[in-house]
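Below is one structure, written out as structure tokens; comments come after it.
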Amino acid sequence: MVQWRRNLWFLSIAVFIANLSFTLNMPFLPRFLEELGLEKNLSLWSGIMISVNFVTYAIMAPIWGSLADLHGKRVMFMRSGFGIAVTYVFMGLAANHWQLFIFRAMNGLLSGFIPSAIMFVATNTPEEDMGYALGILNTFIALGGIMGPFMGGAMVQYLGLRMIFYISAGLLFIASALAVFGTKERIIKQAVKVNLWQDLKSIMANRSLKVYFFCMVMLQGATYMIQPILPIRIAELTRGNVELITGIIFSVIGISLAIGSPLVCKIKKANYVTILLGGLLLCALLSVVQGLTYSVLLLGVQRFLFGFANAAVNVSGNVLITQCAGEEMRGRVFGTLNGLTAFGAVFGPLMGGFLGEHLGTPSAFHGSAVLFVLAGYAVWKIRHKAVDVLKSRVETCSCLE
């Protein structure tokens, strides 16, 4: 097997297991906070617990990206995978919400397993196969997101919340071993000394890249705005089997993401700028509709449809950013992107928690729609100036046919 394909399949399995472990416990943080004795401001604290992870991650992401360019991404798999596993063990041992807060912050400092996999594929895959490879990788990431909440919802009922964290840790050890020992990396030597500030200035000087970065930050903020609120909203709409239903609704978006990611690449004569705009518009409309529904069944259907729009934005955004960056800079570009999108994952949950606490849970969905509209407007303004080098590259997707 060609090395880049071997890398792709090992990493695809690794990110599937890793994302499964991440999403195994994430939907149940509000419930865990209740178990730890928190009685007031549950929506706000749920948002804080998600946000703090990304605050510390945002600080470290550009540094990890630069180190990945210098020493390779396989080292980053070891650092993030094994490190996060240890923090999950600590979370399972937490005695109160303040301890959980500290362990979530530690988790963020070491995070970056899936971004490292994306960087690895972006720098070790032939240019003509980039869309195909990123589509496959996103599919397996989505599959992990399907299985995690569903399995977590079933396990919580029989094993308890703390055991979920220990299982997550074990799965991450397996994912890390696959990523480290199953891949072979081509490290591109740096032509210039790494300078984080200079990297950021260079990236921001590229108008198209700057807009795509803004778009991905808004996507992250809008997506994570819902995370602390969705379990609480589901509990408002149903009374029986809340954990299982929560797991299912968190899972359905993963199903549509898994189906949608490769479909985006199969679009004939794909214009990724147009796909990005269409995906953002659909995300905004579906977010508004989700905030208006009072049926848990309809909410599940709407989340499923939302996953297709999310897939369009994710895949097209990543491909456009990859094409805007020089090969020797891609690690640093994605490292900087991960740091900036982490800020979206910081303000998103905080804003969602605040809106849910003061204006009701539906308001968080409407707030996320506003962010999607802002991102779409920014992309719309550069649509004629953006150089979409993949618009006629049908061969990129030919391997999926």
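Glycine residues also receive a Cβ, built from the backbone N, Cα and C atoms like all the rest.
Taking the domain 'Major facilitator superfamily (MFS) profile' (7-387) as a whole, pLDDT averages 83 in the prediction. Annotated domain 'Major facilitator superfamily (MFS) profile' per TrEMBL: 7-387, in sequence order.
The annotation transmembrane segment is assigned in TrEMBL to 7-24 (among others).
Positions annotated as transmembrane segment by TrEMBL: 44-64 (among others). Same-chain residues lying 6+ beyond the ends of the transmembrane segment (44-64) with a Cβ under 8 Å from its Cβ atoms: 26, 29-30, 33, 38, 76, 79-80, 97, 100-101, 104-112, 115-116, 196, 199-200, 224, 227-229, 231-232, 332, 335-336, 338-340, 342-343, 345-354, 356-357.
Taking Cβ pairs closer than 8 Å, the transmembrane segment (76-95) reaches residues 14, 18, 21, 25, 36, 64, 67-68, 103-104, 106-107, 109-113, 116-117, 119, 162-166, 168-170, 172-173, 175-176, 179-180 in its own chain, all 6 or more past its ends. Summarising the annotation, TrEMBL assigns transmembrane segment to 76-95 (among others).
Sequence annotations record features per position, and here TrEMBL assigns transmembrane segment to 101-123 (among others).
The feature transmembrane segment is assigned by TrEMBL to 130-151 (among others).
Feature annotation from TrEMBL assigns transmembrane segment to 163-183 (among others). Cβ atoms under 8 Å from those of the transmembrane segment (163-183) belong to residues 6-7, 10-11, 13-15, 17-18, 20-22, 24-25, 28, 74, 77-78, 80-82, 84-86, 88-89, 91-92, 113, 116-117, 120, 152, 155-156 of the same chain, restricted to positions at least 6 beyond its ends.
The feature transmembrane segment is assigned by TrEMBL to 211-232 (among others). For the transmembrane segment (211-232), the list of distant contacts is 26-31, 42-43, 46-47, 49-50, 54, 203, 246, 249-250, 276, 280, 283, 287, 310, 313-314, 317, 320-321, 324, 336-337, 340-345, 347-349, 351-353, 355-356, 361, 364-365, 367-369, 371-372, 374-375, 378-379, 381-382, 386: same-chain residues at least six beyond its ends, Cβ to Cβ under 8 Å.
Sequence annotations record features per position, and here TrEMBL assigns transmembrane segment to 244-265 (among others).
Feature annotation from TrEMBL assigns transmembrane segment to 272-292 (among others).
What TrEMBL lists as transmembrane segment is 304-321 (among others). With a threshold of 8 Å between CB atoms, the same-chain residues lying at least 6 positions outside the transmembrane segment (304-321) that come near it are 118, 130-131, 134-135, 138, 142, 208-209, 212-213, 215-216, 219, 223, 252-257, 259-261, 263-265, 272-273, 275-276, 278-280, 282-283, 286-287, 290, 333-334, 337, 386, 388, 390.
Residues or ranges marked as transmembrane segment by TrEMBL: 333-351 (among others). Through the fold, the transmembrane segment (333-351) approaches residues 46-51, 53-55, 57-66, 68-69, 108, 112, 115, 118-119, 122, 196, 199-200, 203, 209, 213, 216-225, 227-228, 321, 324-325, 364, 367-368, 371 of its own chain, all at least 6 residues removed from its boundaries and within a Cβ separation under 8 Å.
When Cβ-Cβ distances below 8 Å are used as the criterion, the transmembrane segment (363-380) is approached by residues 211-212, 214-215, 218-219, 221-223, 225-226, 229, 273, 276-277, 280-281, 283-285, 287-288, 290-291, 348, 351-352, 355-356, 386 of the same chain, each at least six residues removed from its ends. The feature transmembrane segment is assigned by TrEMBL to 363-380 (among others).
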